[in-house]
Amino acid sequence: MTGKPSKLKRFLHKRVPITSWLPKYNGETAVADAIAGVTVGLTVMPQALAYAALAGLQPQYGLYSSFLGCFVYAIFGSCKDITIGPTALMSLMTYQQVLNRNPDYAVLLCFLTGCVMVIMAFLRLGVLVEFISQPVTVGFTTATSVIIIASQIKGLLGLSYQSNGFISTLIKIGENIHDTKLWDSLMGFTCIIILLLLRKVKDLVVVDKLNPSKKRHAISKSLWLLSTSRNAIVVVCCSLIAFIMQSKYNDVPFKITGAVRPGVPVLQLPPFSTELGNRTVTFTEMLSDLGSSIILVPIIAVLGNVAIAKAFAGGEPVDATQELLTLAMCNLFGSFVSSMPITGSFSRSAVNHASGVKTTLGGIYTGVLLLLALDQLTPYFYYIPNASLAAVIISAVIFMIEYEVMEPMWKASRRDMIPMFATFITCLCIGVEIGIVVGVCLNIALLLFYSAKPKIIVEKVEIDNELEFISVKPNTSIYYPGVERLRNIVLKAARSKLPVVIDCTLMEHTDFTTAKSISSFIKEFSTKNQPLFFYNAQPNLLSVLTPICTDKFIHVNNFDALKSILRDLYKEKILNDGGTELLTLSPSSTSNDIKLHANSSSRIESRECDEPLLTKNEIVRISVSN
């Protein structure tokens with residue numbers, strides 16, 4: 001009976017992390033969380049409005065998407081620094097589905113994103129994110145950054161047009177560039193310059209470590225707060241300019257956000273049908289319209305969230321399943337308050353971390369601030385210039401362009417640039433969903449291509465200047481794409497008429513197709529009466545080979561036994577110089593407690609086989625003293 005409470009307690013601590021630290025929560029921690037929460041709130045408000053515009057939604061949807069995730073993550077989240085809400089990437093992927101439709105598609109996508117995440121968590125499919133390699137991620141994020149920047153040129157220059165995709169956007173910009181509005185452009189570029197300068201303010205060194213003072217520390221903190229709140233400061237100042245011009249001249253020379261629906265959103269079920277034009281779109285039709293985004297949006301959201309959690313974990317392990325479940329709940333519950341798909345925001349999480357947040361309860365203060373904004377501040381959002389919101393987005397996503405990885409990737413692995421550029425170009429020219437699928441598929445194809453060309457070391461070994469055999473050693477596990485290469489090398493090595501030893505030390509596992517192929521060339525060796533041994537195979541490998549290979553399969557894992565077998569062969573003069581009549585050993589001739597090793601003082605010369613077939617002259621001789 002005493003064990004049950006402890007199991008329940010462990011389960012609660014794992015799945016509801018707040019239960020593990022809330023009893024120790026104190027006033028000092030609460031103050032730190034409050035400061036961080038309010039600071040993040042000031043950051044998220046202008047971003048939420050901007051990301052709603054990026055997603056093709058009314059401004060209030062950005063705020064709807066921002067507050068509920070804060071409360072959910074505070075209870076179930078495992079990383080104190082993460083803040084959940086709309087991001088540039090999620091907004092862009094949402095825009096692809098909302099274009100020429102209505103906001104119901106964004107809300108349903110949020111609900112389905114949560115559902116898919118729950119399924120992924122229960123089936124332990126979080127590992128799917130591992131199939132998205134770093135080069136694919138770089139190509140994807142860089143392409144989306146370029147697409148986002150291009151999409152914001154419209155607001156930055158005060159243009160009016162509709163576009164679908166990156167290429168279409170560039171064409172529309174070219175066609176409408178002559179309609180550029182001076183005041184919008186002036187405000188937009190000025191905001192970008194100010195935002196970039198304020199971003200650098202926090203890096204100014206005003207504290208002398210050798211002679212610290214409260215005054216210097218206060219100045220440093222003030223500069224940091226100024227830098228952190230730069231988005232809110234710029235948006236508020238631009239709104240004041242618009243308000244003053246409207247009040248004084250009854251005219252605003254630049255485009256503004258307009259009316260924002262006031263009040264907290266109504267709690268309701270996600271839309272499982274919608275009105276589009278003069279017809280009703282059913283749930284199945286909406287699913288068909290959303291297409292691959294139902295799978296890709298959750299995967300991208302999880303990838304980003306887990307990456308942020310690892311970045312701020314300080315070397316501690318990250319419970320990816322818990323993060324997946326928490327993010328699923330944020331999206332599921334968020335869809336009941338008209339949220340678009342959400343995930344962790346790296347920029348706001350960095351602000352949260354730098355603000356000194358102590359627990360996930362910092363998100364509660366952010367959520368409360370957003371609710372107050374929805375209830376009290378929405379009338380003032382009317383005057384926010386579109387150019388200032390475009391500047392906020394551009395100044396944020398410009399740092400998502402990962403140009404700095406190009407040089408190290410070129411030096412380390414040039415082949416990884418193939419999926420990176422393929423992802424980048426496809427995202428720009430066709431679409432972000434197709435781009436990431438192309439990148440992943442190309443990456444898998446490259447993996448299969450290189451697994452079809454495993455590196456195999458072929459050595460001719462002499463023992464005591466008397467016994468000789470050919471050693472064939474793959475440097476990795478062999479699977480079906482590479483088995484034909486192994487077969488060709490083994491059969492070519494067999495032309496020397498010497499016994500062949502396949503060193504399986506580095507082969508941890510294999511598959512059915514490979515085992516069948518190995519079985520076939522075992523039979524070929526048996527037909528020629530030429531000895532073939534398998535050395536030091538791991539249990540996992542043997543469990544696949546032994547049921548499929550014939551009784552001619554001979555495994556040894558001891559060098560002494562191998563030497564003894566070879567010596568018996570030579571003593572009986574069965575192996576003749578250049579002869580063709582060779583002995584096939586039975587399994588009873590082998591030993592099961594053996595390990596092949598060379599004397600540490602031996603001189604070993606080896607060579608990788610880069611060609612599928614070897615000539616006798618290409619087999620490298622090795623002298624082994626024993």
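Quick reminder: no glycine exception, Cβ is built from N, Cα and C everywhere.
Record features (TrEMBL):
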- 32-423: domain 'SLC26A/SulP transporter' (DOMAIN)
- 34-54: transmembrane segment (TRANSMEM)
- 61-85: transmembrane segment (TRANSMEM)
- 105-126: transmembrane segment (TRANSMEM)
- 138-162: transmembrane segment (TRANSMEM)
- 222-245: transmembrane segment (TRANSMEM)
- 290-312: transmembrane segment (TRANSMEM)
- 324-343: transmembrane segment (TRANSMEM)
- 355-374: transmembrane segment (TRANSMEM)
- 381-401: transmembrane segment (TRANSMEM)
- 421-450: transmembrane segment (TRANSMEM)
Contact between the transmembrane segment (355-374) and the transmembrane segment (421-450) (3 or more Cβ pairs under 8 Å, separation 6+): no
Ranking 61-85, 105-126, 381-401 by the number of C-beta pairs under 8 Å to the transmembrane segment (34-54), which range is first? 61-85
Quick test of the contact rule: Cβ under 8 Å, at least six residues beyond the ends. What residues does that give for the transmembrane segment (290-312)? 78-82, 84, 87, 89-90, 93-94, 96-97, 105, 108-109, 112-113, 116-117, 120, 126, 128-129, 132, 137, 140, 318, 320, 323-324, 327, 331, 341-346, 349, 353, 433, 436-437
Arithmetic mean of per-residue pLDDT over the domain 'SLC26A/SulP transporter' (32-423): 90
